[in-house]
């Protein structure tokens, strides 16, 4: 039975709803709707000019309506009179096929048709920086190896604990928070869930972290590589596939190598097969490739892959199998669109299951030290343009995510690359002025 948002508002004391959708570039767009008007919005959606956000639309297109999904409503723990609700984009009474949440829902349904239920957990890393974005906010956070630094995390206790308390209140079951490998960097973990719910939570988490940071006079950034020489922001994703009831893990086989079943290996095989094209979505910005192709950081490791390899419990590879019944994709970064991340994982994984793809040999080596000895594993794209070209060549992935989505994404991202190439940098000035 669909939750009535008007009733929800009366029972919870909600005065306003943020009807929110995510555009192709991961931007979160919303309208603040008074509770008195939510009944009409729940029926027909809140109207937007789609061209004003990152979609391949024109000013001549009719209104884009964001139809709230009442099952995804979240009352803001820090502002109880407001509730956030994820929305699906429609136009002329039909789903907008290029909208990320629409794309994900289609792939979740496809997996269900094959008796599969994808569950995932994400690990979005972020920096707490100065309001102007120029430096790390904690001037004492200067250690060469700051990971798990207890003094540093306690200096940011007020921010981290407040966010964690809110996740506890929301029933997300958070289980750990830590200072990460870069100065000023943090990670907060909560329990895995169905792919769509994970995407909704991921989207809300970014909104919540930024909001609470601002409340404390700080700024939070999920930018993949905000500071030269420091470890970048990853968004590792743990993946498992279950039966439709969510009771039997189809990836688990304690007798198999790494505890990964044949079906799990096939799903992983799809990820490996499509990895270079995946990067166009999992690493969607120019800056993303400063993380996955970075030189050694001050702390000693980038903690990011640069080759298409997998292994057991070893964090130097693109895919890690830390235990039976799941694997971790370490490729995505903090700029990834929460919905497209889940969508492209399902698309690639289903491709592997259908074709019984083999993930290939695994390498039990330190890729940071000995990766140069591996000659039969593809390198990940060197830049956004290379990744877009890989996606453009991957007909199977384009078909799986939808031709309308793929065309729109490639067009807008190519435009972003062209804009980047038109920039005149200080490096050019310094290195070329006197030639």
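Cβ coordinates are placed from backbone N, Cα and C, and glycine is handled just like the others.
Note that the coordinates shown come from a computational prediction; the quantities given were computed from them, not determined experimentally.
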| message | Looking at Mg(2+) 1 binding as recorded in Swiss-Prot, which candidate out of 202, 236, 266 goes with 123, 328? | response | 236
| note | Listed by Swiss-Prot with 291, 315, 330 as binding L-glutamate, from among 229, 232, 234, is 232
| Considering the binding-site residues 236, 291, 315, 330, which residue's Cβ sits among the greatest number of other Cβ atoms within 10 Å? | 291
| remark: Checking the binding-site residues 125, 180, 187 for other Cβ atoms within 10 Å of each Cβ, the smallest tally belongs to 187
| field | Residue pair residue 330 (L-glutamate binding site), residue 180 (Mg(2+) 2 binding site) - Cα distance, angstrom, rounded | value | 15
| request: Determine the minimum-neighbour residue: among 123, 328, listed as binding-site residues, which Cβ has the fewest other Cβ atoms within 10 angstroms? | output: 123
